Amino acid sequence: MRRLFALLCLLLPTQVHAFAAEDVVADLSQNRVSINTSFDGSEILVFGAVKRSRPVPVGTPSLEVIITVSGPSEPVTVRKKDRRLGIWVNTESVDIDAAPSFYAVATSGALGDVLTETEDQRHKVSVARAIRSVGAPASISDAQSFTEALMRIRANDELYVTSEGSVELVQETLFNTEIRLPANLVEGAYETRIFLTRGGEVTAIYNDVIEVSKVGLERFIYNLAHEQPLIYGLLSLFIAISAGWLASAVFRFIR
Amino acid sequence: MQIYLPIAEVSVNAFLLLGLGGIVGVLSGMFGVGGGFLMTPLLFFIGIPPAVAVATEANQIVASSFSGVLAHLKRQTVDLRMGGVLLVGGLVGAAVGVEVFTLLREMGQVDLLVKLCYVVFLGLIGGLMFIESLRAIRRSRAPGTTKVIRKQRTWIHALPFKMKFRTSGLYISVIPPLVVGVLVGILAAIMGVGGGFIMVPAMIYILGMPTKVVVGTSLFQIIFVTAFTTLLHATTNYTVDMILAVLLLIGGVIGAQIGARIGVKLKAEQLRILLAIMVLAVCGKLALDLLLTPAEIYSIGTGGHG
């Protein structure tokens, strides 16, 4: 049995090499975020511990933790304004194949120190790596600036957050951090990943999912608007007409 | 109190929306305008996506116009026949407008078009109104000069397909009202306004309708055009936000009643000059946005090509 396990370890991909003895046990304060009428963002507490089967050898690089939360990815179009005839109009545009609607990275140290460039590329950890952009039209020379603009705008909207050093790590064993989900969230499965790294190399990964969904009235209105648009439109009109009638009736009564 | 809008997918302060509805309601009650031309830009300013703002505002105008038209029906100041003709044009225009809107939305130019429409029309109407009311004030200060009323026969009267409009006391071709209807319909769909601020001058100066039936008739037509616009936006763009509409409605109907009482106490010329200044201010703000170098020259649109 033990021999089989050793064999399995050998067959596993190389990503988990030198420190295979460490593993992550983690949980989230909530796996379900409900967007109701009074939804105003939410805070998710991510906490966990490092499980070790044997003590860490002297001289190994220190343990670091990286936590990412990623909203559903979707294609986006980034447009650039230019002055035409004195006014600012959208001119060039670049289609980005997939950009997460929300992306948060929390680390226990500076991202450049706790993760090497190669590992970042492999696991797509940093915000820039999480955006997938394959080729812009040939007419656009500086496609990179469009991706940067996307990151900048979403960062200003608190949708892309990199908070270095925000993961609290106690004795290389216990860790926790808080991820703030802003009020302007979209629905979907928010993939949560926890990476353990040593010397910039990923040694263990833990995956979890936060389900974000509209509930109650929000759910009902959204579904109705998309599935029964005609009924939804008529209902909106009915509300408007009755409110108008009510206002005039009440006003007449007061007079 | 923050409230999450299910269609706009943004969280905004409910009291802010009630307040905005209230303020615009007061103004529309004072001046007898729908207020859409003020509300829609205000919604842009507080971060509601333009497509949602335009569609939802159309829905709100249905409510305020319906409230208004009931009063006018009672006073018999609605020319139903003229309203019907304008309506036919309006529905055609609204259908065209929503098509144009959808097309431009795909091209990423909808913001530009909506804002340009606003700048041009608000500037035009506001400027004209300002000059006109300045003159009226000057006239009232210099007594003795009598107002010259000219009833001229223009090219309007030479057109075929004449029709009798008894309430308005007119016998004119149906073509001008149809064209006015179409134009206002297109604008209503694109700008998210009832179009009253364009239609009222057009009815007075182009069609030559008597002033007392103008407001009621325009409101009557606006109800149907905006209702149709709301339905089209709801079914093609899914951009009508019911919660947003309800919040604006509540503030709006209460504000309109207060505004109507304030309006009675002010002089007509003063009212008009205030309205003109307000219209020009909104126009100026939007124009600056188009002319000044924006802080962020990039913008994000939802996926798709084009």
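The backbone N, Cα and C atoms fix where each Cβ goes, glycine too.
Per TrEMBL, the features are:
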TRANSMEM  B:12-39  transmembrane segment
TRANSMEM  B:85-104  transmembrane segment
TRANSMEM  B:110-131  transmembrane segment
TRANSMEM  B:174-207  transmembrane segment
TRANSMEM  B:213-232  transmembrane segment
TRANSMEM  B:244-264  transmembrane segment
TRANSMEM  B:270-288  transmembrane segment
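In this chain, the transmembrane segment (B:110-131) does not touch the transmembrane segment (B:244-264); fewer than three CB pairs sit within less than 8 A of each other, excluding pairs fewer than 6 residues apart. A Cβ distance under 8 Å defines the sequence-distant neighbours of the transmembrane segment (B:85-104), meaning residues of its chain 6+ beyond its ends; these are 51, 54, 110, 113, 163, 174, 177-190, 199, 217, 220-221, 224-225, 228-229, 232-233, 236-237. By number of Cβ pairs under 8 Å, the transmembrane segment (B:174-207) is matched best by B:213-232 from the list B:12-39, B:110-131, B:213-232, B:270-288. Non-local neighbours of the transmembrane segment (B:270-288) in the same chain are 27, 30-31, 33, 37-38, 41, 115, 118-119, 122-123, 125-127, 129-130, 132-134, 136-137, 197, 263; each lies 6+ residues outside the stretch with a CB under 8 Å from one of its CB atoms. Beyond the transmembrane segment (B:12-39), the same-chain residues lying 6 or more positions past its ends with a Cβ under 8 Å from any Cβ of the stretch are 1-3, 5, 46-48, 57-58, 60-61, 64-65, 68, 118, 121-122, 191-194, 196-197, 215, 222, 244, 247-263, 266, 271-272, 274-275, 278-279, 282.
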